[in-house]
Amino acid sequence: MARSVLVLNSGSSSLKYAVIEPDSETMVVDGIVERIGEGEVRDHAEALQTAFGQMAEAGRGPDALDLVAVGHRVVHGGPDLYEPTLVDDALVARIDELSPLAPLHNPPALLGIKEARKALPDLPHVAVFDTAFFHDLPAAAATYAIDRDIAEQWHIRRYGFHGTSHQYVSEQAAAFLGVPLDSVRQIVLHLGNGASASAIVGGRPVDTSMGLTPMEGLVMGTRSGDIDPGLMFYLWRTAKMTVEDIEEMLNRRSGVRGLGGEVDFRMLHQRIESGDASAQLAYDVYIHRLRKYIGAYLALLGGADVITFTAGVGENDAAVRRDALSGMAPLGIELDEVLNTGPDKKARRISADRSPTTVLVVPTDEELAIARACTNLIEH
Ligand code: ADP
């Protein structure tokens, strides 16, 4: 039996799990337990047992595997946590201290860690941080132009998220092109429910669209992305909304859902085709923001060698890819319509042969990247 890693991504109402054999890059079993706290599954302890039950039904319960580690996705590593790190009580306490920076994400991750350590006490548990890849973002990109003392006291900087995906996809893109990572200027567009863009030179990020929290940047499924911060004071002072109301609105009732009533792009396209003006506006705002970031990163990089689309929307939605890059031939970016709309699901080129910038679609695999991080750590 080949060694495998259990990868857990524990959110407030869902637990995603995957068992990966890192040596053969095989996904053995995966799944999701949803609606934690809302029905049969009362809490994260029960969610984990439900996941184990599902794995056992597939003949892949923990006892039937050669598990060597459990990898935990942790959204926010704050200023100091950025290497994959063995979980002990001290690390749990440090992640807990960061909860104010990521109140929606770190507490449920900690619940997942706590329960998994109880259920699988003999295995090493490893925390892999979504901020890690952006830890050494250049100061000019990481710094908000606000009062220095306040920023330092409260650890305010642009941290960036989806780092595991941006790193993995940028490495895959260079490998696909058959060029050394350190020679390429890349833009990676991770377009899932959450969405972020990054500019990468020589395998190191020079900018990314998410900031202190995963709310900054692109328009997302339910999040606003960039807004004028004045909007929040206005809502607080004049509309008398509470901080919690504003946070909930910007996180859950904004973005594509807030404008168009749909979070899923397949449904959004259907509504657009049936003549729904709000769905069309949601799509137009989404694309407009995406194009602004692509333009900004082209300027930062002085042109890109490769632009890569990834995650649910980026991998599947040919219309988004076409509209994100249309009219950019003068900037050296030209898609091949046939390649862009083709049925292939693997890593693939979608740019025209004559396009100086190569455009790729590369499926992301955060679970594999986390599993690899775990085996690297326990081997050294
Ligand atoms: P998450 O951020 O939850 O990991 P994913 O990367 O899985 O999200 O992306 C999920 C989103 O991908 C869905 O909400 C949907 O909008 C989009 N998506 C998935 N499949 C398709 C498809 N075939 N066509 C267009 N959009 C798709």
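Glycine residues also receive a Cβ, built from the backbone N, Cα and C atoms like all the rest.
Heads up, TrEMBL stuff is auto-annotated, nobody curated it.
Record features, source TrEMBL:
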- D130: active site, proton donor/acceptor (ACT_SITE)
- N9, E366: Mg(2+) binding site (BINDING)
- K16, H190, L191, G192, N193, G194, D264, F265, R266, G312, V313, G314, E315, N316: ATP binding site (BINDING)
- R73: substrate binding site (BINDING)
- H162: site 'Transition state stabilizer' (SITE)
- R223: site 'Transition state stabilizer' (SITE)
Please report how many Å separate the Cα atom of N9 (Mg(2+) binding site) from that of D130 (active site, proton donor/acceptor), as a whole number. 11
Cα-Cα, E315 (ATP binding site) versus E366 (Mg(2+) binding site), nearest Å, comes out at 14
Expected list for ligand 1 (Cβ under 6 angstroms, binding-site residues K16, L191, V313) reads V313
On the three-state reduction of DSSP, what should I expect for N9 (Mg(2+) binding site)? strand
Spatially closest candidate among K16, R223, R266, V313, E366, the listed recorded positions, to D130 (active site, proton donor/acceptor) (Cα to Cα): E366
Is it possible to get the count of other C-beta atoms within 10 angstroms of the C-beta of K16 (ATP binding site)? 19
For ATP: widest Cα to Cα gap among K16, H190, L191, G192, N193, G194, D264, F265, R266, G312, V313, G314, E315, N316 in Å: 22
Could you list the residues of the same chain, at least six apart in sequence, whose Cβ is under 8 A from the Cβ of the residue listed as 'substrate binding site'? V7, L8, N9, S10, A109, V128, D130, T164, E366, I370
Check R73 (substrate binding site) against DSSP and tell me helix, strand or coil, would you? strand
How many neighbouring Cβ atoms, not counting its own, are there within 10 Å of the Cβ of D264 (ATP binding site)? 14
State the Cα to Cα distance, in Å, between H162 (site 'Transition state stabilizer') and D264 (ATP binding site), rounded to an integer. 19
Taking only the CA atoms, the spacing between D264 (ATP binding site) and R223 (site 'Transition state stabilizer'), expressed in whole angstrom, is 13
In the structure shown, which of the recorded positions D130, E315, E366 has the fewest other Cβ atoms within 10 Å? E315
